[in-house]
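Have a look at the structure below, then the notes.
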Amino acid sequence: MKTNVENYLVGDGYGQFGFKGINKTKDFYTWMQKTFIPTYYPETQYSGASLGEQDKRYFGDLSSIRVGPGRLRQVRMGKGECIYHKLTWPYYCVNYYDMYQEDEKEYCLGWKTYNATACDTVQYKSLFQTFEAWRYTKSIDIWGLPLTGEYNTYGGGGYILKLPKTRLQAQNLMSELNTFNWIDRGTRAILVEFTLYNPNANLFTYVTYITEVTEMGGSFTWTETNPFRPMVSLNAMGTFAIICYCIYVLYQLVLTYETIKGLKKDGCCKYFRVVWNSVDTVCLFLGYAAISIFIIRLINTNQAMDQFYDDKLTGANSFINFFHIVVWDMLFNIIMAILVFIASLRILRILGYNQKLTEIITVVSNAATEIIGFGFVFGIVFGAYVIFGYLIFGRTLYEYRSIFTSWGTLTNALIGKNSLDTMMMAAPQLAQFYYFTYVFCVLFTLITMFAAILNKSITDVRGDANKKGDLFGIVDMLTKSFKDLVGIAYKSEAPASKRAEAKKKYMQSIGLNPKFDTQNILRLVRTTLDEVNDGQNTSKGDINSEDLLMKRLDPQTPNRSNSRISGAETPRDISLSIVDRLKPIWIERKDTRYDMKMENNNLWRN
């Protein structure tokens, strides 16, 4: 869509005077008369046959429809005093454009001082069709927003001329503007704005062409074509998009619940100490911002379309401003792009099981201090060359016309894309010295230092296994993510029974890798056998040797005498002694269980 519109209006050559060919004020009128108006108001088909009245509403490609009329908008500065007025008197000066100090006065034709008696009569308005183009309109009245061009940023208001419905009327308006010098020394920019709609693709296009007039008398051109789709269609893709929006809203609610639960459980400091928790919180806020912008864009679109339908019914031919909708659409796309970018980075959390990827992350984190120090030094040296290039070549080279463009030009030089030829034409000796020192100091020295820092970190990480980081299992990560999504909590790490708690305490007391300790084993066997002997005096149904054994795993039990079992001098002897003493009790318990089972079967049969 953008390329199609630019081919009709912007491209210069092959018998067409395009927007890029405008170099002076006279060229703007030529472009309007010979290129823009014939394309914006088509009257014939490709074969040369005349178009019907309905088809004349189309753009020159006969595929896009004009949404309301187009308009011309001029921003200007008023007359001011010159710094050296003794040299320039009686001439006036016009300062650099400032949207906060722009000219907002009302004028009669030819920028003459406004006189209501002469310029506000019915006869005057019927005689001159461009009387509105000499009166300032505030941005708040037309939903206007500031717009940045090649040379400056311009306000949303200005002196506006609404284009008519037919080609002949538009040509007459342009002739009248040219006759009364609508573009003069006070003009700082002329903006051509219009909106198209392609029903085949359900796509709107808001087009803005800016001709900037500098205080030195030169001119720049700037084009901005913004395709956007403010309304979701009901076809297959539109239905799929609506389903995706609904799923995302549900995910947003689940993420909100999980974030609040995590903050209540761990507190702010502990919760945000985990990097991925901070990332999820950023995504949460960006998600709500995207939802809010989507709703605002939808409301503004409905208001603009209602105004368009009312204009068709009344025939007022009012300009429908879609620029604020374009801004909301751009913000929505930017936020969605950031969310997709962060979601893509979260794949690293799943792919962390890969050893090579873990090594890359570990290499960067291991050399973080050195990289930060290098970045500081590199920023100072690189910034010095940016300022140096701007001061030397800023007046003569387009690539160094500002600090920002100089920064971009030198950044391109890092990847081998330089502008050495134009530099040699502007200042041969300085260009040679400048570029040679830049290549030596930045490309050779600093980049080599950065490579050495990474090389050292790679060697350290590969040599030290402790710095390789933990490896994440992709199956475990997917399982945990699924359980977190559906709200299934893991079991608590606390023991499920006193038996597990006693076992845990005992294992903590002897260490994770305990050595063979005869004294501990003898104490355990002795206390267990004492409990077994005591249990023989009780009822047979209450004896549970396993519980007694696990009960004595608690290290808090008072130590008894370190007596030895007769004949038990080795671990094997100790094991055989335990089996011999516990075997009668296990057999007796087995018989008891068998008798209880038979009794239960008899009861079921009866």
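In case you wondered, yes, glycine gets a Cβ from its N, Cα and C as well.
Around the Cβ of C108 (disulfide bond), 19 further Cβ atoms fall within 10 Å across all displayed protein chains. Residues or ranges marked as disulfide bond in TrEMBL: C82-C108.
The annotation domain 'Polycystin' is assigned in TrEMBL to 18-227.
Summarising the annotation, TrEMBL assigns domain 'Polycystin cation channel PKD1/PKD2' to 236-459.
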**Q.** Average pLDDT across the domain 'Polycystin' (18-227), rounded to a whole number
**A.** 88
Q: Report, as a single number, how many Cβ atoms besides its own are within 10 Å of the Cβ of C82 (disulfide bond).
A: 14
